[in-house]
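Structure first, then comments.
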Amino acid sequence: MPVKRSLKLDDQFEENSFGPSKIMRKKSITAFSPTTGTYQLSPFSSPRTPKEQEHRDGPSNGTRKWSVLSSPARQDSTVKGSDGFMMLLSKIERSSEKTMEIMKNLSSLQALEGNRQLEDLLGVSLVPCSLKSEAKKTKELMTKVMKQKLFEKKNSRIPPKEHHPNSFEFLKAILN
């Protein structure tokens, strides 16, 4: 059976319902932008004073640092990084003997020597001088990589273009 429903909203409206609301919040005039005609959503979204803006953007008098990608300092950092890596490898080689001695002296490790779970736990097998040999292999690989990078850098230079004195010589060179 169809039921007809109606909303009785007439009694909820007052005479001043389309007038200003009773609850009004005072909005700061500094948060209003006459350019866009909008209010600022957050009081912290943009600086209010020019001094704050300058501090936020950094110096604009040409002393701003260039991007890391385009600066020559990036090339130096890769060289320093590879040197640092090589230094760490040499430290590992020197300390590998001490580490192997400590591992041999630990009685709990000696009891579990040859156990696969121990090797999984430590991440290395207990083969004598394995740390030293791994560090040596890594060092050799790093020197190969550095040599390859230097070789690629030398070969990546653009060869000087041949200069053709006139259009006839140029076309002749293209056809040959």
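From the backbone N, Cα and C atoms, a Cβ is placed for every residue, glycine too.
Here Swiss-Prot gives motif 'Nuclear localization signal' for one range in the set 27-30, 63-66, 83-86: that range is 63-66. When the ranges 88-92, 118-122, 123-127 are checked against Swiss-Prot, the one recorded as motif 'LXXLL motif' is 118-122. Taking H, G and I as helix, E and B as strand and the rest as coil, DSSP gives the motif 'LXXIL motif' (171-175) the counts 5 helix, 0 strand, 0 coil.
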